[in-house]
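Student: My questions will all concern the structure given below.
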Amino acid sequence: MTSEGTSGLAKSAAEKLSEMGERTKQLGTAMQDPQRQRRLILFIVCIALLLDNMLYMVIVPIIPDYLAYLEGDTAPDQAPAGINSSSFSNRTSHDKTTTENLDLQIGVLFASKAILQLLVNPLSGTFIDRVGYGIPLFIGLIVMFFSTCIFAFAENYATLFVARSLQGLGSAFADTAGIAMIADTYTEESERSKALGIALAFISFGSLVAPPFGGILYEFVGKRVPFLVLAFISLIDGILLLVFIKPFANRTRENMPVGTPIYKLMIDPYIAVVAGALTVCNIPLAFLEPTIANWMETTMGATKWEMGLTWLPAFFPHVLGVYITVKLAAEYPNYQWFYGALGMVIIGASSCTVPACRNFGELIAPLCGICFGIALVDTALLPTLAFLVDVRHVSVYGSVYAIADISYSVAYALGPIVAGQIVHTHGFVQLNLGMGLVNVLYAPALLFLRNVCQMKPSHSERNVLLEEGHTGLYDAIKLEERNAKKRGFASSAGNTMSGGLNEMDTFKSQSISEEESSGAEYS
């Protein structure tokens, strides 16, 4: 009886293992489906972008309080789980010099991520163009994982500064590679706009949900927990990238064509106009984030929870703006420039109305307007960058989205340092009026892009490479192979010219038909 029971258990275990093996095989087969592969790439990239923007904003409610605590005499290990800044206000209010020094430290710490990101992006864009998108994305996730762990256990300003700077290094690789990977994977303009719109929704969600997320966890369970949660997400996303995308196993990158150098893209007037718009439209958000809490406290007596939830309602109009722009771009693709210009006008008008608000309810409306306008600009112009590369340069997207990341970094590097100084020198009202005016005045510059959609690709072969459609970088690789094939064909044809007039006529007719068909495929 015992032997029969043992054999029955062994048989049952073997059947379960067989079922698991079959399911694993089915999963592997399903993941080879191009549509599922594209969705998985989009999911992995969106999680990376969500993580990066949560890391950028999660320190907003934590670091000022924690740095104020570090200015005291109590040892870090004696701190309570949540440290309320009000408990230190009496200690520092009498010392104006200490307060100003603390404000400077906070501003430099907040800006250090964007500054390093700004410096590294030109190099990361070139690196991405050379090796592809998967490896740089993995590098970015690993760097963000280690920097977030350092943030969790840092107990002095120098360590916090190193951790924040490392986040900028990781973002320079992860953000640029992720957006470029989406542009490369989704090559149809309507699909590309939709995919980039989804990515922008994740970016918005990460930026707006991070302050309450970090503030609540910091208050009840301490400084380390929010950073350890984000580090865990970064680790999981990196594992998904390794398992399903296999960046180090993709040998097609060895034949990858050389993309247009980043300095040539920077002097392209169309790309320069888009980059300028991305910088200008993000200035209000970048400059208000470090200044609006103090203004709310002094002018309307806002509570801590109101200051913590300032930007959260703006998430919904941002997503609405992304949705509307994607739909309009699908129906009327020739008006991408107009959607961006309209967004800048909305940002300008909303920014000018912020100082007129006298309570939290009134303030929600202009902040929602700013985020709605940013959604219009970003969703309209990010796909335009990829299209400009397609029609005017080589279809490799690392450097052009490094330029986009530089545009964002300029605004967010200046914000924490410059905004406070402007408020101190000229006032909060003048800051908002200036930002609004700059956006309204820049909007007409997007008229320069009105004929972009009428441009034709510089390599018309791209659209006839394969019957199943083009697939981003594969197109450029295939194009190089076709050019080499054509050169070999022309050489062999030249060697047979002595074979007679008929063969020469045949070669001429083939050449003429090739030119007329804009590079039809040779069999």
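From the backbone N, Cα and C atoms, a Cβ is placed for every residue, glycine too.
Copied straight from TrEMBL:
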- 513-523: compositional bias 'Acidic residues' (COMPBIAS)
- 41-454: domain 'Major facilitator superfamily (MFS) profile' (DOMAIN)
- 489-523: region 'Disordered' (REGION)
- 40-63: transmembrane segment (TRANSMEM)
- 135-154: transmembrane segment (TRANSMEM)
- 195-221: transmembrane segment (TRANSMEM)
- 227-249: transmembrane segment (TRANSMEM)
- 270-288: transmembrane segment (TRANSMEM)
- 308-326: transmembrane segment (TRANSMEM)
- 338-357: transmembrane segment (TRANSMEM)
- 363-388: transmembrane segment (TRANSMEM)
- 400-423: transmembrane segment (TRANSMEM)
- 429-449: transmembrane segment (TRANSMEM)
Student: Sort out for me which stretch, of 40-63, 135-154, 270-288, 308-326, has the most Cβ pairs below 8 angstroms to the transmembrane segment (400-423).
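Tutor: Most contacts with the transmembrane segment (400-423): 270-288.
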Student: Excluding the flanking five residues on each side, which residues at least 6 beyond the ends of the transmembrane segment (308-326) place their CB within less than 8 Å of a CB in that stretch?
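Tutor: For the transmembrane segment (308-326), the far contacts come to 61, 193-194, 197-198, 200-201, 204-205, 207-209, 211-212, 215, 289, 292-293, 296, 339, 343, 363-364, 367-376, 378-380.
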Student: Counting only CB pairs under 8 A, let me know which of 195-221, 338-357, 429-449 has the most with the transmembrane segment (270-288).
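Tutor: When the Cβ pairs under 8 Å are tallied, 429-449 comes out ahead.
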Student: I need to check the long-range neighbours of the transmembrane segment (195-221): which residues 6 or more away from its ends have a CB within less than 8 Å of a CB in the stretch?
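Tutor: Those are 42, 45-47, 49-62, 65, 81-84, 178-179, 182-183, 185-186, 229, 308-309, 311-312, 314-315, 318-319, 322-323, 325-326, 371, 375, 378-379, 382-383, in sequence order.
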Student: Per the definition of 3+ C-beta pairs under 8 A with sequence separation of 6 or more, do the transmembrane segment (338-357) and the transmembrane segment (429-449) touch?
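Tutor: Taking Cβ pairs at least 6 residues apart, the transmembrane segment (429-449) and the transmembrane segment (338-357) are in contact, with 3 or more under 8 Å.
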